[in-house]
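A short worksheet on the structure shown next.
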Amino acid sequence: MANSKYEYVRSFEQPDNLLPNTFIVVRLDGRGFTKLTAKYNFEKPNDRRALDLMNEAAVAVMRDLPDLVLAYGQSDEFSFVFYKDCTLFERRASKLVTTIVSTFTANYVFGWAQHFPDTPLTAPLPSFDGRAVCYPSPTNLRDYLSWRQADCHINNLYNTTFWALVLKGGLDNRVAEKELSGTVSADKNEILFKRFGINYNNEPEIFKKGSVLYRDGRPVQMSKTQQEKERKKRGKAKIVVEHVDLIGDSFWERRPWILSGRAG
């Protein structure tokens, strides 16, 4: 950057480098998606096309940023996890968040026509906001992801029951809300099964558990030169999309390198 008398304005910039040696999680959320789902008549309680589009955009983000080790998504949100030793953009929060949000949004809009061929996008276009949070330990990271997956289950059970009451039971929204007020999971399961013959356990896993994205392959110890070559390989590695439990130990025990915090 050329020196000039105006360069002093750089002194107003605030450093936003995130804590070193921590997992960085960037979570994005859809902005105004309640209106968007109504505008494009999304299927209730879940629209598989919309979830597949979210996953497709998330895969594109992971492919573009090899420093990402994992992503988890449900509904209109996605969380992207960077390795603990990530140095991308010198760990600047603004750079990491804007890169992920803009890349995700661009791919979401680009892929819309493939998933919703009969409903072209019109203004205002879909957009997302984002934030970055640091988690110092594997336990903290697992607890964060467990929180998001538990949220997925709780919301999906409620929404599945609510829309069964409305669409199949003929209740209006307010009456359905009142009937579900104060109910627990067992109550909702009973309503679904006894009134509508729906066994919640048989609902698609993507609705109940969300989507987990990770790279197919484990890293190995290597030099800095080898790490850079491996980083490029990771960008081309297959991204696996699964709908599995993250709260228990099985997923993590089978893939210990995810929580190692090291890219190589």
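Using the three backbone atoms N, Cα and C, a Cβ is placed for every residue, glycine included.
Just so you know, TrEMBL annotations are computer predictions that nobody has curated.
Mean pLDDT of the predicted structure over the domain 'tRNAHis guanylyltransferase catalytic' (6-136): 98. According to TrEMBL, the feature domain 'tRNAHis guanylyltransferase catalytic' maps to 6-136.
DSSP assigns D76 (Mg(2+) 2 binding site) to coil in the three-state reduction, placing it in neither a helix nor a strand. Annotation source TrEMBL lists Mg(2+) 2 binding site at D29, D76.
The Mg(2+) 1 binding site annotation in TrEMBL covers D29, G30, D76. The secondary structure of G30 (Mg(2+) 1 binding site), as reduced to three states from DSSP, is extended strand. When Cβ atoms from all protein chains are considered, those within 10 Å of G30 (Mg(2+) 1 binding site) total 20, not counting its own.
Residues or ranges marked as GTP binding site in TrEMBL: S75, D76. Same-chain residues at least 6 positions away in sequence with a Cβ under 8 Å from that of S75 (GTP binding site) are, in sequence order, C152, N155.
Per TrEMBL, the feature domain 'Thg1 C-terminal' maps to 140-247. Counted with DSSP, the domain 'Thg1 C-terminal' (140-247) comes out as 70 helix, 9 strand, 29 coil.
Excluding the listed site residues D29, G30, D76, the same chain places L28, R31, F33, S75, E77, F128 with Cβ atoms within 8 Å of the centre of the Mg(2+) 1 site Cβ atoms. Shown are the binding-site residues D29, D76; the one with the most C-beta atoms within 10 angstroms of its own C-beta is D76.
Rounded to the nearest whole angstrom, the C-alpha distance between G30 (Mg(2+) 1 binding site) and D76 (Mg(2+) 2 binding site) is 5.
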